Amino acid sequence: METIRIVIAGPRGRMGREAVSLVQKTDHFQLAAVIDRKNDGGNLADVEGFSGIHAPIYTDAARCFEEIKPDVLIDLTTPEAGKKHAEIALRYGVRPVVGTTGFTDEDIQRLTTLAEEKGIGAIIAPNFAIGAILMMKFAQMAAKYFPDVEIIELHHDQKLDAPSGTAVKTAQLISMVRPTKKQGHPDEKETLAGARGATYDGIPIHSVRLPGLIAHQEVIFGGNGQALTIRHDSFNRASFMSGVKLSVETVMKLHTLVYGLEHIIE
Ligand SMILES: NC(=O)c1ccc[n+]([C@@H]2O[C@H](COP(=O)([O-])OP(=O)(O)OC[C@H]3O[C@@H](n4cnc5c(N)ncnc54)[C@H](O)[C@@H]3O)[C@@H](O)[C@H]2O)c1
Ligand SMILES: O=C(O)C1=N[C@H](C(=O)O)CCC1
């Protein structure tokens with residue numbers, strides 16, 4: 001198998017550290033460089049927790065891609081940085097695999113156009129955990145029979161974006177198969193603002209943020225005399241890494257942007 005040269009943006013973060021470790025232990029992956037907010041010009045091996053892992057550090061994504069010419073960027077940063085990195089990567093002919101969440105429909109559309117112009121692959125995956133992809137697919141199946149649905153997503157309290165990328169993606173998949181619907185009583189009123197959550201195409205989304213959590217979601221369907229709950233839990237960040245590996249391998253064969261691993265996992 002040909003070696004895939006990878007740049008990781010956000011290597012010191014919770015997900016970035018897992019991704020560095022994934023690249024290190026995968027024979028056909030090579031860590032070509034990292035993009036970090038600090039330590040420009042330094043080496044990852046000199047950063048605490050990365051002893052023996054040699055990769056040049058850049059703070060400027062464009063300079064990194066220009067000098068390193070990697071095959072793939074894995075971005076695990078913040079919404080602002082992730083959007084910028086993905087766009088610069090595509091301009092330099094580097095295929096982005098974006099795990100960073102908080103992208104809007106417009107962001108995704110702009111990057112899709114850029115990937116098409118360049119004729120290279122890109123993947124934006126709100127959730128890399130295979131179980132979460134199945135949870136979303138099962139929810140889409142169930143929505144055909146149970147149009148009344150609410151999403152509760154639960155994450156650690158250091159998360160920047162709400163609702164989660166997974167909750168938005170789940171609502172998008174459900175809204176593809178059910179007509180727009182106003183749920184609950186037509187005259188219902190919130191006596192405390194936000195009590196009924198945010199809505200995507202009429203689907204309520206409730207975001208919980210608590211220390212101790214990692215990433216969890218329940219999709220609850222209600223019907224006549226019955227309810228169906230589909231739940232997924234990520235108990236650690238290693239749960240995302242098989243999806244990151246699959247995305248890096250797959251993006252090399254794509255010529256357009258794919259949003260969501262449900263398009264890749266049959
Ligand atoms: N797709 C998935 O399966 C999945 C799973 C977990 C987390 N996430 C997302 O991944 C992102 C990162 O999550 P996390 O928990 O690792 O966050 P984190 O805060 O632990 O790490 C983010 C890292 O990005 C770095 N960073 C910020 N701006 C930067 C810049 N301009 N250049 C380089 N590095 C920069 C920070 O220094 C930090 O080390 C979030 O958007 C989160 O929602 C996605
Ligand atoms: O830790 C996070 O942040 C996560 N975000 C993703 C999302 O927004 O859907 C899912 C996995 C964990």
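Cβ from N, Cα, C; glycine included.
Note: TrEMBL annotation is automatic and uncurated.
Of the residues Asp36, Asp40, Asp71, TrEMBL puts just one in the NAD(+) site with Gly10, Pro11, Arg12, Gly13, Arg14, Met15, Gly99, Thr100, Thr101, Ala125, Pro126, Asn127, Phe128: Asp36. For the domain 'Dihydrodipicolinate reductase N-terminal' (4-128), the number of residues in each DSSP class (helix H, G, I; strand E, B; coil) is 50 helix, 28 strand, 47 coil. Counting residue by residue with DSSP, the domain 'Dihydrodipicolinate reductase C-terminal' (131-264) contains 42 helix, 39 strand, 53 coil.
Those same-chain residues not listed among His156, Gly165, Thr166 yet with C-beta within 8 angstroms of the centroid of the (S)-2,3,4,5-tetrahydrodipicolinate site C-beta atoms are Thr101, Pro126, Asn127, Glu153, His155, Lys159, Asp161, Ser164, Ala167, Ala215, Gln217.
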